[in-house]
Amino acid sequence: MSYVPNPRPAGDFRTTYKDDNRLFKTHFETRSALVLLAVVIVAAPFIGNYWLTQLILIGIYAIAAIGLNILVGTTGQISLGHAAFFGFGAFASAWLANSFGVPVLIAMPAAAVLTTAVGMIFGVPAARIKGLYLAIATLASQFILTDFFSRADWFSGGVYGALAERPSIFGFAFDSDLRYFYLVMFWLVVTAVAVTNLLRSRDGRAFVAVRDHYLSAEVMGVNLTKYRILSFGISSFFAGLAGALFGHYLEYVSVEGFTILLSIQFLAMIIIGGLGSVYGAILGAAFILLLPQVMESLTTMAAYVFPAMESGKSYVKQMSIGAAIILFLIFEPEGLIHRWQQIRASWKLFPFSR
Amino acid sequence: MTEPTKMLDVTDISLRFGGVKALTDISFHVDEGEIFSLIGPNGAGKTSMLNCISGRYKPQEGSILFDGKDLLSRSINDRAKIGIGRTFQNLALFSHMSVIDNILVGRHHMMKNNFLTGMLYWVGGAQKEEAAARAEIEDIIDFLEIQHVRNEPAGSLSYGLRKRVELARAIAIKPKLILLDEPMAGMNLEEKEDMARYIIELNEQYGITVVMIEHDMGVVVDISHRVAVLDFGQKIAEGLPEEVVEDEQVKTAYLGIDDFSMDDEKEVG
């Protein structure tokens with residue numbers, strides 16, 4: 001992590017320790033986060049169905065990415081099975097709603113709790129192994145769970161998949177995209193605030209300590225086994241929650257949606273967004289989801305100019321997505337959030353910056 | 001002065017790595033309120049001994065009592081709880097965390113909030129506890145004079161400052177016994193003097209018992225109450241610092257065999 005100077009402008013003093021631990025580093029950030037949230041909420045009815053769908057998906061993926069970030073960015077472990085936990089949440093929520101008649105709004109967090117338990121079981125190897133070996137061990141969770149989905153008819157409906165109805169409460173159904181969008185926003189805000197809180201309290205610090213130097217963390221009294229498995233649990237909780245939101249959004253859950261490709265996309269989101277940063281994970285989710293569409297329109301435009309490109313358009317699109325990610329990693333290896341921190345620092349010093 | 005109580009009682013510790021005997025039948029004790037130094041040439045087993053006390057290594061034989069309680073059956077993270085803090089020879093800070101957060105990790109075992117109350121922050125009492133912990137560690141920051149780097153990431157600090165932050169983190173555990181592995185290695189004279197002052201102060205003001213590994217003989221003789229000398233995994237001397245440095249065996253261990261035989265070897269070679 002490179003050096004980021006104290007972002008607070010001159011004159012913005014913190015006079016109590018409580019104040020020093022605020023959710024956001026500067027008042028400007030607090031205000032802009034609130035304004036942004038208000039704008040999104042107010043503007044949502046007017047942006048059209050296409051963008052609404054995009055925002056819902058970004059929100060759902062962002063919740064899962066924030067969860068994965070606890071595991072990878074904060075605790076320094078790795079998981080190639082995050083999509084499987086995401087899928088488990090989707091199936092579990094549909095299962096609870098269909099088989100037991102649990103109201104969907106309650107089934108979603110309940111499914112997340114079930115996913116936590118599953119995640120902690122698959123996280124047990126993490127107590128012993130690290131790095132690439134752990135990556136392979138979590139790969140097993142990906143395959144075991146997807147296999148389970150396609151075989152366990154009682155749970156997931158097997159190869160046919162499961163129906164997942166939209167939630168409703170007291171006759172108010174989240175049946176339109178707009179209403180569902182507000183539901184996703186609610187959980188996204190809850191997730192972001194909860195994880196930010198976690199990172200500024202005891203257990204969040206313990207996670208970072210385990211990542212930075214596990215030997216000395218242990219000497220400081222941090223129980224390594226407990227925290228390694230716990231981070232799998234918390235990460236799976238948010239994966240399960242996001243999965244449940246995903247399933248009930250599409251109203252149908254199928255095994256094919258949760259391949260290892262999605263697991264790797266989750267990893268790409270947090271790496272591009274910025275490892276260890278909650279807001280970076282949101283930016284990363286938006287980046288990964290929107291990049292193909294930006295590239296799509298760019299190549300379509302290019303095809304107008306160079307008609308010869310028309311037939312190879314889709315290949316050019318795929319290649320430019322890859323190129324964009326590689327360029328990004330070369331020029332901003334610390335993620336989108338670091339770019340923001342630099343902008344913030346340069347504002348603070350303006351006009352003396354650069 | 002009343003009869004001192006034994007804080008740490010090490011009896012017949014032997015540690016083997018495969019066929020290599022790192023420590024052989026080491027016994028010593030450290031009294032409450034003492035500054036006790038472990039010295040010896042490189043590879044003598046000093047850090048291995050410290051690792052046995054802090055739990056990194058598990059000796060095959062012998063016993064270690066801390067405050068009358070058996071230490072070897074406890075897990076490493078448990079030993080922080082019962083009051084053992086340590087610093088490392090090669091810096092072992094959490095380099096991406098700020099200095100404050102580094103020190104707060106030392107408070108880990110004293111804090112109550114868990115991941116759930118942490119996530120709720122405002123309602124479960126986590127906020128209050130965090131602020132209280134901050135206020136407490138601020139004393140340690142003042143004591144070690146690292147106010148100016150509070151918010152810097154620990155990895156960006158200079159070597160001398162990092163050593164101080166490590167000491168601060170160990171003090172934050174509120175230990176009864178602190179293990180310092182070469183606290184002055186790689187420091188200039190001024191930094192060494194500062195560090196010596198901190199060690200004496202934390203011993204006298206905070207009442208923390210100190211076990212220290214140090215190569216700088218001047219410092220060892222000046223500040224330690226008692227010294228034990230290790231060589232090739234065996235204890236060759238123990239006693240007051242002035243006596244120990246005059247010990248023939250110790251001189252041999254440090255300087256090699258005496259000058260005459262060195263000359264002899266030269267002639268042969």
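Each Cβ is built from the backbone N, Cα and C atoms, and glycine gets one as well.
These features come from TrEMBL:
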- A:32-48: transmembrane segment (TRANSMEM)
- A:54-72: transmembrane segment (TRANSMEM)
- A:79-98: transmembrane segment (TRANSMEM)
- A:104-124: transmembrane segment (TRANSMEM)
- A:131-150: transmembrane segment (TRANSMEM)
- A:180-199: transmembrane segment (TRANSMEM)
- A:229-250: transmembrane segment (TRANSMEM)
- A:262-291: transmembrane segment (TRANSMEM)
Contact ranking winner - A:54-72, A:79-98, A:104-124, A:180-199, A:262-291 against the transmembrane segment (A:229-250), Cβ under 8 Å: A:104-124
Considering the transmembrane segment (A:131-150), which listed stretch of A:79-98, A:104-124, A:180-199, A:262-291 counts the most C-beta pairs under 8 Å: A:79-98
The transmembrane segment (A:104-124) versus listed stretches A:79-98, A:180-199, A:262-291: most Cβ pairs under 8 Å: A:79-98
Contact ranking winner - A:32-48, A:79-98, A:180-199 against the transmembrane segment (A:262-291), Cβ under 8 Å: A:79-98
